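Quick look at what TrEMBL lists:
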TRANSMEM  7-26  transmembrane segment
TRANSMEM  38-59  transmembrane segment
TRANSMEM  71-91  transmembrane segment
TRANSMEM  121-142  transmembrane segment
TRANSMEM  154-174  transmembrane segment
TRANSMEM  186-204  transmembrane segment
TRANSMEM  224-242  transmembrane segment
TRANSMEM  321-340  transmembrane segment
TRANSMEM  346-367  transmembrane segment
TRANSMEM  379-402  transmembrane segment
TRANSMEM  408-429  transmembrane segment
Amino acid sequence: KVGLISGICMIVGTIIGSGIFVSPKSVLANVEAVGPCIIVWAACGLLATLGALCFAELGTMITKSGGEYPYLMEAFGPIPAFLFSWTSLLVTKPSSFAIICLSFAKYASAPFYPGCDPPQVVIKCLAAAAIVVITIVNSLSVKMGSYLQNFLTAAKMIIVIIIIVSGIVLLAQGKTENFKDSFKDSKISVGSIALAFYNGLWAYDGWNQLNYITEELKNPYRNLPLSIIIGIPLVTVCYILINVSYFTVISATELLQSPAVAVTFGDRVLYPASWIVPLFVVCSTLGSANGTCFTAGRLVYVAGREGHMLKVLSYISVKRLTPAPALIFYGTIAILYIIPGDIDTLINYFSFAVWIFYGLTVLGLIVMRFTRKEFKRPIRVPIIIPFIVTLISILLVLAPIITQPELAYLYCALFILSGLIVYVLFVHLKFKWPQKILKPMTMHLQMLLEVAPEEDVPE
């Protein structure tokens, strides 16, 4: 029952979140000039569009839920598919939740520390509190979580419109001095561009979300590619206009020194109503965090049900009909990511992991053109598009490691590979002793949270 307009709204609403209020500073820090910064934002939108078109072919060819999981299973077998679910559950989804809540905390605390960065302990405590509150809300009621999401999504679009309209008015008044010599002193290298892309693409993450509801689209063979072709370029235009708005009133040097870019913009443009900006940005980031918790909690729950995680994670609250243990597990992992990490490190960590699997999935599309010729392909993209996306994915993964190596990438790679040990022991050999050891704790948790396996929950 989801039509074209709803599909476009879903793409726009899912992508626009905390990224556009956090990433501009990091993108600029890597290229060090206004011109290349704007180009990176446009190029990230183009890459997201090409990637989404590849996923459109996969989604209409293999009409199964689970995002990349069934595509990797068909193309390469169970091991890469398991590594994707393993990495999603313990790296990409919780780190994404942590980044969004840290962004919320940064903007929520910025008005109380004018002219300087809020203390890290304040940001991390606020972020942890946000994770706890969102986890509790979603554990108590599905309806409460969805109502909260609707309200926060509306607030998100209001702040985007305010920033864009303000920027257009200022440009019309001739505020263009920050765009002169916009390529001067730029720092262009393969590594710096890759890291700039990491931060830009973080703001576009969610471009593949329409694949999760392919079966619910009206006429998906028409509406899926149309939603992508209209929705993602629309987000790209919004992002470019927001960045242009920032640069109309904030110089590149001032933007790099700003503790919260949108707050600085609001102080310069909307004074004395500048409090509107942090308030609506906080709503936007909370909306993203709530949506992430809502969907990723279900991923943990499904993994528990399929035997890829502890059985207790597949339990449902008897009274509230929510996957409470899965949500609590997910929130706990996210809090652990907050303790040692800052936003930029976590974004690099997240992007490195997620683009390994985006690239592998699109490579699977190329492989299946030769190994699965019998599959019907209602949407068939030109073969050059998946080749381009795969090549860029390889560059995005390898360039920062070669040019600016950090331990975060090593830890991430080792963690992904450790999934092989887990797969061999607990999926292939089907070791049952962890379930037996944890059985007393599971029974206690059942009583404490009033949860039960799905088949025991009354209709």
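Placed from the backbone N, Cα and C atoms, the Cβ positions cover glycine too.
Since we're looking at a predicted model, the values are computed, not measured.
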(Q) Check the transmembrane segment (121-142) against the transmembrane segment (321-340) for contact, please; criterion is three or more CB pairs under 8 Å, pairs 6 or more apart in sequence. (A) yes
Q | For the transmembrane segment (346-367), distant same-chain residues with Cβ under 8 A (at least six beyond the ends) | A | 23, 26, 51, 54-55, 57-58, 68, 71-72, 74-76, 80, 84, 87-88, 91-92, 95-96, 98-99, 102, 195, 198-199, 201-202, 205, 208, 337, 383, 386-387, 389-390, 393-394, 396-397, 400, 406, 408-409, 411-412, 416
Q: Tell me, please, if the transmembrane segment (379-402) and the transmembrane segment (7-26) are in contact, taking contact as 3+ Cβ pairs under 8 Å between residues separated by 6 or more positions?
A: no
Q: State the residues, same chain only, that lie 6 or more residues beyond the ends of the transmembrane segment (154-174) and have a CB under 8 A from a CB inside it; answer 'none' if no residue qualifies.
A: 13, 16-17, 20, 238, 241-242, 244-246, 248-249, 262, 265, 269-270, 276-277, 280-281, 283-284, 287-288
Q) Other than its close neighbours in sequence, what residues sit by the transmembrane segment (408-429), given a CB gap under 8 Å and a spacing of at least six beyond its ends? A) 78-79, 82-83, 86-87, 90-91, 307-308, 345, 348-349, 352-353, 356, 400-401
Q) Hey, does the transmembrane segment (71-91) touch the transmembrane segment (224-242), meaning at least 3 C-beta pairs closer than 8 angstroms, sequence gap 6 or more? A) no
Q. Is the transmembrane segment (38-59) packed against any residues at least 6 beyond its ends, judged by a Cβ distance under 8 Å, and which are they?
A. 15, 27, 31, 71, 182, 193, 196-197, 200-201, 203-204, 207-208, 210-211, 214, 220, 224-225, 228-229, 232-233, 235-236, 239-240, 243-244, 358, 361-362, 364-365, 377, 379-381, 385-386, 388-389, 392
